[in-house]
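S.K.: Mind looking over this structure? Questions follow.
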Amino acid sequence: MASWSGQPHIKGSSEAMRMALLTFSLVGLQFTWGIELTYCTPYLLQLGLTKSKTSLVWIAGPLSGLIMQPIVGVIADRSTSKYGRRRPFMVIGSFVVGLCLLVLGWAKEIVGYFVEEGEFKKECTIVVAVLAIYAVDFAINAVQACCRSLIVDTLPIPKQQTGSAWASRMVSVGHLIGYMVGMVDLVGVFGTSFGDTQFKKLTLVAAWGLILAVAVTSWAVTERVLISNKATDSQNGGFQIIGQIVRTATQLPPQIQAICNIQMWSWIGWFPFLFYSTTWVGETYYRYDAPEDIGHSNDALGDIGRIGSMSLVVFSLVTFAGAFLLPFFVKSPEEEGFTARPPAAIAKIVTKANKHKPDLLTAWTWGHVLFSVAMLLAPLARSFRVATFLVALCGVPWALACWAPNAYLGIEVNRLSSNDPSNYRRLSTDDPIELGFNSSPSLLRLEHGPDDEAVSSTGELSGLYFGILNIYTTIPQFIGTFISMIVFHILEPGKSPELSDDPIPEEPHGGPNAIAVCLFIGAVSTIGAAFATKKLKSLY
């Protein structure tokens, strides 16, 4: 049995403030991911990589997720640090990410100190940039694993869906800030201080943004401290940790296995969208809407990045709206056995509307369908506006994809470590937004014991199970990378014409856009995710 000291604390005088502070680290996390996804593909293309080789670079994401998240999750689960199990990894990891981002942005200058001008310098610059991307991905996955687990550790079961909804909101805020900053010509506005290119300035902002966001959450949340765990004290070796991950992954409870299956099918679709949609929108503009002299631009990278960011700003606005509004229209576990008393004037309307609220699984299913329809139409896009519209449509499914799997996994993980896994009850039937605080406003009461005392939180193995969920998120990325590599090799084997040194050809759109084909293939897989979600619903 594990022994613990203390109870989790969250600063803040209201539920909304506590939830915001608990999940604020995800703003910086998603902003950093957004900068990488928006600019790194065209950045590598500009350095001279072909699209097929660039797709190999993005194995960094799934590889780091496959290795780092489950291992760091298990190590954090067993951590006996006096600062808690998650926050030390979050803080240290954020500084490592920041340093690697700066290396990525200033790769040419760093190589220039050691290597003279020439082809060898270009090759070394590519190597440094690729290594920096790998380092960023490995470190940021460690941070992400602990940010998600912290939410599960801190909140009681009835609040897992609410906490995950707030996490989705913070992810959407990070997306929105990232894409809006990407639209601004930072060099033109702030000059060449602290970076003479758009990409350098963005990496600098992302580095400090992540460190600040993680610092806010780490300041606001106090974790309970693990004193000892007799079941794992003698199993701290590397082979024992890997063995635990393998055993657990091969013996998952039915509900958790179903959640992981959904994640696997859906991420075959999300991977090409998140990594290549910015470049696809920019290339669509170059192919069909750009003026004739666009090929003579001195900064094709910046042009494509800004053009793609404009469409993704619309996407992030839709995601932002969906993340904030959808929880009001989706039934929450808290509503089971509890009905709020609205004002008499609107009581009938509210009661009728509540009866027709879909649950989160139903909303998630339709989110898969909407994403599939939008991406099935991607190869037919013949204008920048159509491409932007299709990307924007995916904002609602993305809000659900950031919300639903984490919510249901949090519920299931907490059920596993509770005394009665088949049941959980509401902490209060008097206040629909109460988290269960006692006379001390900073002490989060997770459950009521028989003596009405706060007891230890659940989620003891949240790091392990979220790591396994991430394995099911990263395996599709290997599949997506393999598919995109083949598609790029067949349809666009050379350097990107939009980013080459030669002027844009008179007929650059003679064949299908390779990225659009990848998006189409991903959409087909997401249809499978919709069927898998219906299967999960049958288990509840």
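Cβ coordinates come from backbone N, Cα and C, glycine included.
Below are the features listed in TrEMBL for this protein:
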TRANSMEM  56-76  transmembrane segment
TRANSMEM  88-107  transmembrane segment
TRANSMEM  176-195  transmembrane segment
TRANSMEM  202-221  transmembrane segment
TRANSMEM  307-330  transmembrane segment
TRANSMEM  361-381  transmembrane segment
TRANSMEM  387-409  transmembrane segment
TRANSMEM  464-491  transmembrane segment
TRANSMEM  511-532  transmembrane segment
S.K.: Can you see whether the transmembrane segment (202-221) and the transmembrane segment (88-107) are touching - at least 3 CB pairs under 8 angstroms, only pairs 6 or more apart in sequence?
M.R.: yes
S.K.: Do the transmembrane segment (361-381) and the transmembrane segment (56-76) come close, with at least three CB pairs under 8 A (pairs 6 or more apart in sequence)?
M.R.: no
S.K.: Spell out yes or no: are there three or more C-beta pairs under 8 angstroms between the transmembrane segment (464-491) and the transmembrane segment (307-330), with each pair 6 or more apart in sequence?
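M.R.: Counting Cβ pairs under 8 Å, fewer than 3, so no.
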